[in-house]
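J.: Not my notes, these are from Swiss-Prot:
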type: ACT_SITE; residues: GLU148; note: active site, proton donor/acceptor
type: BINDING; residues: CYS104; note: substrate binding site
type: BINDING; residues: HIS122, HIS124, HIS204; note: Zn(2+) binding site
Amino acid sequence: MAKTYTPEEAEALVHSHDPEHPANLICDLCREFYKLGWVTGTGGGISIRKDDVVYLAPSGVQKERIKPEHIFVLPFAQSSVPKPGSKRDFIRIPSKKGLNESQCTPLFWNAFTMREAGACIHTHSQHAVLLTLLLPRDAPSFRISHQEMIKGVRLGGVGKTLKFFETLEVPIIDNTAFEEDLTEGMAAAMARYPDAPAILVRRHGVYVWGNTWEQAKTQAECLDYLFEIACKMIQNKIPLEGDT
């Protein structure tokens, strides 16, 4: 049974002087991701799971200006697994008018439930988007090997790190009109590619997860590097796999 919080206890969940507290981290990371061009125009998002509590950035806001009091807090143990349009259980809802939970919520839950991830990041990286356009339209996944930055990526996003000569494979799914409608496609791709550390969304961006926020961030950075180098390799007719 999920713990019951008083209003005071719920409010205290987003106020801490600890810079490593999830509510503070989400704000800091969103600012850093904004500088990288990953969450501009209110796009993208991040969620951190700490024990049985999930911290969630709001949707449709200036990500570089998020404050801890804007963070939504949900119990991981929901009455039902979040799905498009489903009702959510909340521990804390921000008092500021106009704030809504992230549209990425059910997709973050895919990472939490299917990979037991501790954090999930969604970016609108231009490198991710361009890569999905440069690859053949019917390509089910992105594959690359013999790149040093592969060593910063983990099997399934949460397992052992890949080796230089191993092949990284990231599935690609088609975009939908509404973010939440990606939930089923993402889950299906995660089931088909259990070793994938992320999901690319054609003409949209990428979802990346990890055991911890540190691992999710590191892998998002490594993957973005690999997406960028892959775009340049394709444009210069250099094979993505092998050491030739």
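These residue numbers are counts, starting from 1, taken along the chain as shown.
Heads up, the Cβ atoms here are built off N, Cα and C, so glycines get one too.
Buried or exposed, and what's around them? Tell me for each listed feature.
T.: Counting every protein chain shown, 10 other Cβ atoms lie within 10 Å of the Cβ of GLU148 (active site, proton donor/acceptor).
Long-range Cβ neighbours of CYS104 (substrate binding site) (same chain, at least 6 residues apart, Cβ-Cβ under 8 Å): GLY45, SER47, SER59, CYS120, HIS122, GLU179, TYR207.
Sequence-distant neighbours of HIS204 (Zn(2+) binding site) (same chain, 6+ apart, CB under 8 A from its CB) are HIS124, VAL129, THR132, ASN175.
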J.: Within 10 Å of the Cβ of HIS122 (Zn(2+) binding site), how many other Cβ atoms can you find? Include all protein chains, please.
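T.: Cβ-Cβ neighbours of HIS122 (Zn(2+) binding site) within 10 Å number 31.
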J.: May I ask you to report the DSSP-based helix, strand or coil state of CYS104 (substrate binding site)?
T.: coil
